[in-house]
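Enquirer: Have a look at the structure that comes next, please.
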Amino acid sequence: MVRPIFIGGEWRQGRGPISVSRFPADGSVNAELSTASREDVEEAVQAAERAWRAPSWRQALPHQRAAILYKVADLIEARLEQLAALQTRDNGKPLAETRGLVASAAGTARYFAAACETLDEQLTSQRAADFMTLSVHEPIGVVAAITPWNSPIASEMQKIAPALAGGNAVLLKPADATPLAALELARLFEEAGLPKGLLSILPGRGSVVGDALVRHPLVRKISFTGGTNTGRSLAHIAADKLIPTSLELGGKSPTIVLEDADIELAAKGVVYGIFSSAGQACIAGSRLFVHGAVYERFMERLLTLTRELRVGHPEQDGTHMGPLISEAHLQSVADYVALAREEGGEVLCGGERLSEGTLANGSFYPPTIITGLNNGARVCQEEIFGPVLVVIRFEDEADLLGQANDSIFGLAAGIWSEDFRRAWRLARRLECGTVWINTYKKFSVSAPFGGYKESGLGREKGREGVLAYMQQKSIYVGLSDTPNPWCC
Ligand code: NAD
């Protein structure tokens with residue numbers, strides 16, 4: 001049966017080509033589903049425009065909007081196992097990880113419900129006696145949200161929750177490879193009582209469905225997570241339409257091990273930072289800088305821990321790394337490793353696809369560590385988005401900073417050191433949106449997230465996250481009994 005999609009609050013067959021969701025671990029079919037056509041996008045946008053303008057939504061009190069998000073959070077938690085299993089089937093991440101992503105989606109819904117309920121408006125400082133000024137926030141209208149395949153349910157809720165909390169309607173286009181979690185989320189929003197039309201889920205090709213969405217004149221904000229090149233092209237479209245856009249893009253994040261680091265803690269953190277999610281994470285710590293004084297000791301521990309990682313079936317307990325999302329993506333990772341070899345890199349472990357036994361039908365690639373290159377090599381500058389770590393030895397902090405910041409990206413960084421003041425100083429000089437000190441890849445919904453440089457524009461999460469989906473209005477209220485004078 002070809003599954004329907006969620007267009008303007010109705011479950012029906014989309015008019016785009018049928019798409020097949022496959023389990024990356026063995027290629028088996030999860031589901032066949034319809035995708036949206038340009039006509040479906042038009043209908044969904046029109047329904048969204050009516051829905052956000054409807055008095056029942058425009059005039060809904062913040063706690064009424066929040067109530068829907070709280071309900072959805074409860075529903076997600078009640079179905080955590082089912083949603084995690086679905087997402088594991090869709091993108092191949094181990095269950096332990098997808099459980100975390102589902103829990104984070106519930107937390108995000110709850111956080112933005114609370115943010116919406118507690119959002120204060122301002123009586124701005126008064127500059128004159130004969131009028132007062134207020135600043136209020138209002139919805140933007142119809143929001144297009146576009147997401148990648150690596151952490152669907154979490155990144156989707158990061159857009160849907162603040163957009164709805166802000167009083168908007170949202171049209172979500174999930175990644176071509178991973179539409180299932182978003183469709184399930186739509187069912188939960190429906191069950192929680194979200195009025196029809198405020199949410200649509202429009203699976204399909206980026207160049208067709210995504211393009212139709214962002215170009216539509218009624219779409220007044222683009223919220224995008226994905227690759228830097230796609231983000232740049234959407235920024236051009238947004239500029240032409242003069243609409244706000246938030247872009248969460250790629251990364252090539254440096255992790256720094258200083259000579260006074262706790263080696264055990266650092267080695268485990270580095271392994272987790274690059275190899276969890278099989279390296280398919282925007283914030284993966286993919287460039288490692290290790291101080292010469294601890295280089296040999298650290299590398300020995302790093303290699304031991306890496307070789308102990310279990311690559312395998314994502315539904316099996318104890319698996320650290322599942323398959324890559326697709327055969328095409330595996331090929332692109334393998335091509336980067338071949339390039340590293342051509343550029344003179346030495347592959348210390350991994351470096352060849354895995355196809356033994358039960359791994360034969362999936363796109364499995366082992367954790368791979370490369371040394372012998374400098375920061376100018378292409379594998380140190382380009383995002384591989386796979387389980388490939390490039391290690392560079394450094395001796396001097398000034399030189400380290402220069403290299404760590406020598407990147408078009410600026411998403412995140414990690415520092416491992418027992419000297420907190422030194423780590424703090426370094427953190428302030430790294431050009432990126434997030435720095436982890438003595439930890440890595442930890443997230444809090446209350447901490448704004450986003451990139452410097454070509455890693456993005458704008459921030460998601462944090463209390464201001466809801467304001468990114470609202471526009472500000474100043475209201476002047478006259479207090480004088482005399483008419484306006486001719487000058488001010
Ligand atoms: P992608 O840019 O290829 O696709 C992302 C989404 O954009 C998909 O839904 C795709 O269908 C859509 N799209 C593609 N072309 C489009 C177009 N012309 N118009 C409208 N939509 C279009 O990225 P991907 O391969 O799915 O994801 C991997 C990338 O995402 C990596 O670069 C990764 O770093 C980045 N990412 C960033 C963050 C972050 O928060 N900074 C988080 C996760 C992933």
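Yeah, the Cβs are placed from backbone N, Cα and C, and that goes for glycine too.
From TrEMBL, here are the annotated features:
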ACT_SITE  Glu248  active site
DOMAIN    23-475  domain 'Aldehyde dehydrogenase'
Enquirer: Compute the average pLDDT of the predicted model within the domain 'Aldehyde dehydrogenase' (23-475).
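Expert: Here the predicted model's pLDDT, averaged over the domain 'Aldehyde dehydrogenase' (23-475), is 97.
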Enquirer: Secondary structure at the residue listed as 'active site' (DSSP, helix/strand/coil)?
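Expert: The three-state answer is strand.
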Enquirer: For the residue listed as 'active site', list the number of other Cβ atoms lying within 10 Å of its Cβ atom.
Expert: 27
